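Q: Questions regarding the structure given below will be posed in turn.
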Amino acid sequence: MTENSEKIDRLNDLTTFISTKTGVKGLVDAEITEVPSMFHVPSSILSNNRPSDISGLNLTVPIIDLGDRNTSSRNVVISKIKDAAENWGFFQVINHDVPLTVLEEIKESVRRFHEQDPVVKNQYLPTDNNKRFVYNNDFDLYHSSPLNWRDSFTCYIAPDPPNPEEIPLACRSAVIEYTKHVMELGAVLFQLLSEALGLDSETLKRIDCLKGLFMLCHYYPPCPQPDLTLGISKHTDNSFLTLLLQDQIGGLQVLHEDYWVDVPPVPGALVVNIGDFMQLITNDKFLSVEHRVRPNKDRPRISVACFFSSSLSPNSTVYGPIKDLLSDENPAKYKDITIPEYTAGFLASIFDEKSYLTNYMI
């Protein structure tokens, strides 16, 4: 088979997949026993690259208790966040004040939406650019090769909140309640991160890191051959900060010291990761690192990611490394950017081999 005929076959497979309008879940509901070739990932990419002897390595993503942030131990919390942001780019937080009932309801509402009749879900397909809630069962079909094993929906929360009626009834109240708590927790985290940089606690808020928020909710159906594909290919986030709620299934991995490290679910915890914009404005002090999701064979996996970013809203603000972090010994490493400009290029190259952020290095 020639390369050209392979491309034609793939395009035909994609066209058929799109026409069903049932997403990856539709494949599973049809009781397929083999993963279609358009989802296949080379085995070299799927490898964890982990040596047999890891006794000398710290491969545990930090877990930070935020319960002491308003006590005399605040500096201890800040120190832990600083270390995690500098060395991992990822950490989990507990005692974050988001009620467990709210966490459980948003996960259940994401499940409800994705497991309802496709006819209902398809009302939210991306037919125009003005929708505040979009169902993406073909989120990256023409940009990702191979395809990812997931279905998703996106909801744009801030700075321009959607009308409640724009959010499907299956998840409306849960989305509104959960994102309210996420905005409150985001304000706390940006204060702590500001202090971890040695700056005034309101610094990151003042430059509008908290201004924009959108959520991306993934449903990963059980995969008959999980060793052949990925739920999400490796990538970094085009955000200042991302808050992720994952269920107890597992599958999230972060690249640390060239190894893919599991981020095990911790009941009641939220995963926090540094985004590209934060790495840029901190001049590489905080790291935006690659991460991915492995599918599983037994049960669907749910995740709820909230991105602090105004990347999909008009925003003329110019961002560059924060001046107070620079010196003769630590000059600016990045050019100035606007968020929309960066996002356009990021989305066009999201699954490239190298981080898009490298394009803005001086």
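Numbering starts at 1 and runs along the chain as displayed.
Placement of Cβ uses the backbone N, Cα and C atoms for every residue, glycine included.
These came from Swiss-Prot, pasted as-is:
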- 211-310: domain 'Fe2OG dioxygenase' (DOMAIN)
- H235, D237, H291: Fe cation binding site (BINDING)
- R301: 2-oxoglutarate binding site (BINDING)
Q: Pop the mean pLDDT for the domain 'Fe2OG dioxygenase' (211-310) in here, whole number is fine.
A: 96
Q: Pick out which of the binding-site residues H235, R301 has the most other Cβ atoms within 10 Å of its own Cβ.
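A: Top count of Cβ atoms within 10 Å goes to R301.
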Q: Cα of H291 (Fe cation binding site) to Cα of the residue listed as '2-oxoglutarate binding site': how many Å, rounded?
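A: Rounded to a whole number, the Cα-Cα distance is 16 Å.
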Q: Tally the residues of the domain 'Fe2OG dioxygenase' (211-310) by DSSP class, grouping H, G and I as helix, E and B as strand, and everything else as coil.
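A: Tallying H, G and I as helix, E and B as strand, the rest coil: 9 helix, 43 strand, 48 coil.
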Q: Name them in sequence order: residues not among H235, D237, H291 whose Cβ is within 8 Å of the mean position of the Cβ atoms defining the Fe cation site.
A: I232, K234, T236, T242, N273, S288, V289, E290, R292
Q: State the Cα to Cα distance, in Å, between R301 (2-oxoglutarate binding site) and H235 (Fe cation binding site), rounded to an integer.
A: 19
Q: So what sits near D237 (Fe cation binding site) in its own chain, CB-to-CB under 8 Å and at least six residues off in sequence?
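A: Spatial neighbours, sequence-distant, of D237 (Fe cation binding site): N273, G275, D276, S288, F307, S309.
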